[in-house]
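The structure that follows is given in the form of structure tokens.
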């Protein structure tokens with residue numbers, strides 16, 4: 001009798017410990033700057049790779065990013081399920097007055113400090129702590145020790161990954177799954193964002209970048225079959241934000257026309273969202289002067305709209321400037337972020353940007369998924385970037401940490417048992433194993 005009961009308890013322990021998808025692998029793609037309408041039904045007709053993925057899996061109408069609709073804030077929102085004011089990665093550029101340290105879009109040495117990253121635990125850290133093997137390719141932050149943890153493998157981002165780099169990363173990730181070296185692989189690709197910035201979201205260059213990604217994804221579905229992974233691997237594709245047109249010729253707000261820049265202790269970023277720290281005694285003067293400027297809004301920290309889920313962030317500045325869509329804030333025109341174009345000089349004008357109000361249509365991103373745990377040919381209602389984390393946790397079979405995402409917005413895309421409840425608490429498994437031990 002004890003043996004039979006022990007066997008039943010063992011089955012219970014294993015069943016509770018692992019949802020239906022727990023032994024399956026997950027391949028994640030973060031395609032930077034990928035606006036939702038880039039894969040409209042009309043556009044899909046000339047994108048066979050994406051079209052196949054949509055027919056085999058899930059496509060949401062659009063994904064609303066967190067505010068600000070910039071890269072680093074949403075990189076972390078996607079991987080933690082938390083708003084920026086919770087995970088603390090509130091911008092591409094940040095400053096901490098206490099330490100006088102800066103985070104400058106991840107390129108300066110101080111950007112690697114735990115100060116910026118330890119505000120929340122991203123999924124890859126949780127999985128690594130759970131003895132899962134995580135492979136990351138060009139993913140911003142994978143080179144950082146977060147809460148004392150690094151992923152199993154990190155191919156560090158140093159320059160914009162080429163199309164060949166992207167294809168090689170996909171192939172290597174699939175080989176890692178087949179050999180058992182990886183449980184999660186995460187691949188970051190930036191070219192669509194870069195071309196959208198340089199030439200504009202509707203440009204031939206941006207469309208060519210998308211076609212290059214489409215070609216790799218078309219091969220990927222074939223490679224999955226060739227490696228026999230089709231029943232063991234789920235694939236999720238998402239973006240951090242969209243892109244809109246900007247017009248430097250007539251839509252630039254130059255701060256030096258309204259205030260003295262010497263009255264600022266610090267200023268961070270240029271574009272749709274700019275952070276200002278007035279010098280002592282200058283706060284009211286700067287606020288009053290900037291309040292009259294057209295095509296932007298200046299917020300004192302406490303007055304930032306609650307819907308942005310931003311103002312409680314510990315790195316948020318005393319004054320935050322938010323531009324109207326298409327407008328660009330800078331100190332002066334000489335400080336605009338030109339790029340090195342075909343002339344070989346840094347004088348190229350940017351034609352696209354992001355970071356604006358996250359509810360604007362052009363800021364919307366994408367979410368696609370396919371694999372054994374996802375419904376086929378399923379169109380889902382819009383979701384938000386905070387929701388993606390719960391989907392990933394479910395399909396890898398790990399309990400999500402407390403987060404701001406909504407399970408009700410995403411459960412419809414999962415099929416069978418995977419779509420009924422989030423992963424179970426590990427305490428249930430522990431209880432069953434303890435009972436089994438006592439009966440042994």
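Cβ atoms are placed via backbone N, Cα and C, with glycine included.
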Can you match one of 32, 37, 110 to the Zn(2+) 1 site that Swiss-Prot gives for 71, 240, 241?
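For the Zn(2+) 1 site that includes 71, 240, 241, Swiss-Prot also lists 32.
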Please report the Cα separation of residue 354 (substrate binding site) and residue 404 (N-linked glycosylation site) in Å, rounded to an integer.
23
Can you tell me the CA-to-CA distance separating residue 100 (N-linked glycosylation site) and residue 197 (Zn(2+) 2 binding site), as a whole number of Å?
30
Please state whether DSSP places residue 154 (disulfide bond) in a helix, a strand or coil.
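Looking at the DSSP assignment, residue 154 (disulfide bond) belongs to a strand.
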Let me know the most crowded of the recorded positions, choosing from 71, 92, 100, 118 and counting other Cβ atoms within 10 Å.
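When each Cβ's neighbours within 10 Å are tallied, 71 leads.
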Tell me, if you would, which residue among 341, 404 (glycosylation sites) has the fewest other CB atoms within 10 Å in the structure shown?
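Counting other Cβ atoms within 10 Å of each of the glycosylation sites 341, 404 gives the minimum at 341.
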